[in-house]
Every structure is written in C-alpha cells, then in structure tokens.
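*Asks:* Got a structure here, written out as structure tokens. Questions coming.
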C-alpha cells in the first residue's frame with residue numbers, strides 16, 4: 001500500500017492516489033469527511049479553516065461503495081483558490097506581470113522550508129516553496145489515513161488520539177485503554193483531563209496576543225493490533241521504525257517515542273520491560289505496557305502507543321529577524337496567515353499518519369487481494385497468540 005499527494009496550499013485542489021487497498025472494502029465519502037472535519041477543528045486555528053470545507057470527492061477505485069482493488073483517487077477542493085486564482089494560476093504570465101505579482105516572498109521565515117527550499121530548487125520567489133511545504137498538505141494525508149482507518153476497523157483495529165501537552169501544560173503521560181478511547185474529543189483542545197483544558201486555552205490565547213506560537217505533545221493509541229506485524233530481521237521492516245519516520249515527516253514534528261518514551265532512560269530494566277503472562281482464553285498478554293506495544297520492532301498485541309512532539313509553528317505575527325534574498329539586507333520575516341497553535345489538529349493528523357503506517361504494514365504481512373482473504377489471515381494470526 002502506498003500513496004502520492006499533489007497540490008499547493010492555495011492552488012485549486014489537493015489530489016491523492018492510493019494504491020494497494022484490497023477489493024471489496026466498503027468506503028463512503030461521508031466516513032472520510034468525518035475525519036477531515038476533525039482536522040479542521042481545535043482551539044488556536046487560524047482564519048483559513050473558516051474558509052475551507054475540506055470535503056473529499058472519490059473519483060476512482062470505488063464502485064457502488066466498494067473498492068475495486070485498483071488505485072483510489074481522492075480530491076480535496078481548496079475553496080480559498082478563488083482569492084488566489086491570478087497568483088496561483090497555471091497559465092504563463094509576462095515578465096512585467098511577474099515583477100508586479102502580489103504576495104511574492106523574498107524574506108524567508110526562520111524554522112520554515114523557505115530559504116533552503118529556495119536554494120535547492122532555485123526559486124527566487126519563495127512562495128514556490130511555501131505553497132508545497134505548507135501544512136495544508138496534511139489534509140491529503142488525513143484523507144489517506146481515513147481510508148486506512150476504515151480498512152483497519154474492518155479488522156477490529158481501532159485508533160484514537162489526544163493532546164498530552166501544550167506550551168508546558170501537561171496531562172498524564174499514559175491512560176488505560178477505556179479511559180483513553182471514551183474521552184477523546186471532549187473539548188476543543190482534545191485533552192482528556194478537563195481540569196487543564198482551560199489552562200491550555202489561556203496559554204494559546206496568550207501566545208496569540210503576543211504574536212507568537214506554541215507547540216506540544218500528542219499521543220496516538222491503536223487497539224487490538226495482531227501480534228508479529230513488523231520484523232526483527234531487517235532494520236527497514238521494524239514497525240516502530242516505520243511509524244517513527246511517518247510521524248516526524250509531519251510538518252513541525254520534531255520527535256517521536258513509544259509507550260513511556262524517554263522516561264525509559266530514567267528507570268531500571270525491571271521497571272520498564274513488560275512481563276509476559278498467559279491466559280487460556282486470550283493467550284499471551286502483558287499486565288503493563290511500558291514499551292507501547294512493541295518488542296523487537298514487532299507488534300506484541302498490546303495497544304500501540306505513539307507520542308509525537310510538535311514544535312511551535314514557524315510563522316509568527318511578531319516575526320523574527322531574517323534577510324531579504326534579493327537585497328541581502330536585514331528584515332523581519334514574511335508574515336503569512338497561520339495558526340497560533342495547531343497541536344489539537346496535529347493530534348488528528350498524527351493519528352491518520354499512524355493509521356496509514358499500520359495499514360501498510362498489515363497488508364505487507366498478510367498479502368491479500370480482497371477483504372475476505374485479509375480477514376481470514378488476521379483471524380488465524382490472532383489464534384496463534386493462543387495456540388503457540
């Protein structure tokens with residue numbers, strides 16, 4: 001299973017092509033759109049989300065509500081393109097029009113792709129970098145993740161996400177499965193502990209008032225993953241390694257950990273390894289989940305717990321120092337419309353990125369042309385956990 005996205009932030013649309021989804025998976029546009037809507041929410045979002053509707057159109061790979069096994073194409077229309085038609089149009093323009101073009105960017109933002117991307121691709125107008133490096137592209141990745149979640153749910157694998165920390169205000173690092181899944185989306189900061197939700201909002205408001213931005217930590221949980229997905233044999237097949245790459249590829253994400261994460265460095269081995277037990281009904285299990293559902297790069301049947309660290313968004317309304325690439329003079333960086341805090345929305349993005357990595361790994365482990373074949377193989381693997 002793989003995918004490709006295309007489109008610019010203020011271009012006409014985002015396009016996704018997903019290859020490798022088995023035939024006969026029931027997919028409805030409204031189910032994908034529910035996930036798209038979650039990404040648009042969250043306290044601290046900017047004005048852009050009031051413009052966009054982010055509803056997807058399925059244009060190939062699905063017939064009468066079921067996948068065909070051929071590539072699936074999804075389209076997300078950028079409603080804001082109506083205001084950018086001249087600036088972001090594909091038709092050639094004259095040199096005079098280019099010189100007088102509005103919204104040209106020559107003052108790169110520290111922490112963004114602007115300057116290095118301009119150097120690498122020889123763009124003198126850094127908007128050519130900004131448009132693709134923008135987090136707008138994550139709308140396409142959520143669409144991919146939504147399809148992945150639909151697939152996983154047919155296998156009784158379920159994903160949830162939450163915010164753990166915003167601007168130094170922290171919730172508990174770990175919750176039990178029921179507490180986690182029964183308390184997502186309770187509030188607009190996506191934190192489980194309601195007592196700190198307002199503190200997080202106040203912190204976001206403070207950053208916005210100061211023209212600044214703040215980051216945080218998000219957590220994703222995947223429940224009921226079958227054992228043995230991934231591999232200890234080769235580095236590139238380790239499931240936690242693949243998830244780590246996927247998570248840090250999300251815009252502004254700077255770190256990833258599993259289970260108790262970096263706290264493992266503070267504890268002795270006797271307190272961080274998860275002891276193995278056996279039950280005749282359910283098979284092998286662990287009473288604890290310090291390692292976040294992984295052993296040796298493989299899923300061990302416990303809930304998979306992924307933590308992602310998001311830095312503050314680099315676009316600031318009180319911009320930092322920069323240099324104009326044309327004059328080489330000191331200037332304040334360009335101000336572009338942005339969020340003061342996107343951590344709640346980023347938790348949704350992270351959930352869908354993890355969903356894709358899990359779906360991809362499952363389909364590699366249990367190669368199947370259609371859903372009945374896949375379901376049967378998953379059932380057999382789960383039985384192995386009892387009979388081995």
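Just so you know, glycine gets a Cβ as well, placed from its N, Cα and C.
Below are the features I grabbed from Swiss-Prot:
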BINDING   39, 45  NADP(+) binding site
BINDING   132, 133, 134, 251, 252, 296, 311, 312, 313, 314, 315, 337  FMN binding site
*Asks:* For the FMN binding site, please report the maximum Cα-Cα distance among 132, 133, 134, 251, 252, 296, 311, 312, 313, 314, 315, 337 in Å.
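*Replies:* The two farthest binding residues have Cα atoms 44 Å apart.
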*Asks:* Enumerate same-chain residues with a sequence separation of six or more from residue 45 (NADP(+) binding site) and a Cβ-Cβ distance below 8 A; give 'none' if the list is empty.
*Replies:* 339, 342, 345
*Asks:* I'd like the Cβ neighbour count for residue 252 (FMN binding site), meaning other Cβ atoms within 10 Å of its Cβ, all protein chains included.
*Replies:* 19
*Asks:* Below 8 Å Cβ to Cβ and six or more residues apart, same chain only. Which residues does that give for residue 132 (FMN binding site)?
*Replies:* 8, 9
*Asks:* With every protein chain in view, how many other Cβ atoms are within 10 Å of the Cβ of residue 313 (FMN binding site)?
*Replies:* 26
*Asks:* Just to verify a number: CA distance, residue 315 (FMN binding site) to residue 39 (NADP(+) binding site), in angstrom, no decimals.
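*Replies:* With distance taken Cα to Cα, residue 39 (NADP(+) binding site) is 19 Å from residue 315 (FMN binding site).
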*Asks:* What count of other C-beta atoms do you get within 10 angstroms of the C-beta of residue 315 (FMN binding site), across all chains shown?
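*Replies:* Taking every protein chain into account, the count is 23.
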*Asks:* Count, for each of the binding-site residues 39, 311, the other C-beta atoms lying within 10 angstroms of its own C-beta, and report the residue with the smallest count.
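*Replies:* So among 39, 311, the binding-site residues given, the one with the fewest Cβ atoms within 10 Å is 311.
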*Asks:* Can you check which residues sit near residue 134 (FMN binding site), meaning Cβ under 8 Å from its Cβ, same chain, 6 or more apart in sequence, and list them in order?
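*Replies:* In sequence order, 8, 9, 251 meet the Cβ cut-off.
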*Asks:* For residue 311 (FMN binding site) and residue 39 (NADP(+) binding site), determine the Cα separation and express it in whole Å.
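*Replies:* Roughly 18 Å, rounded to the nearest whole number.
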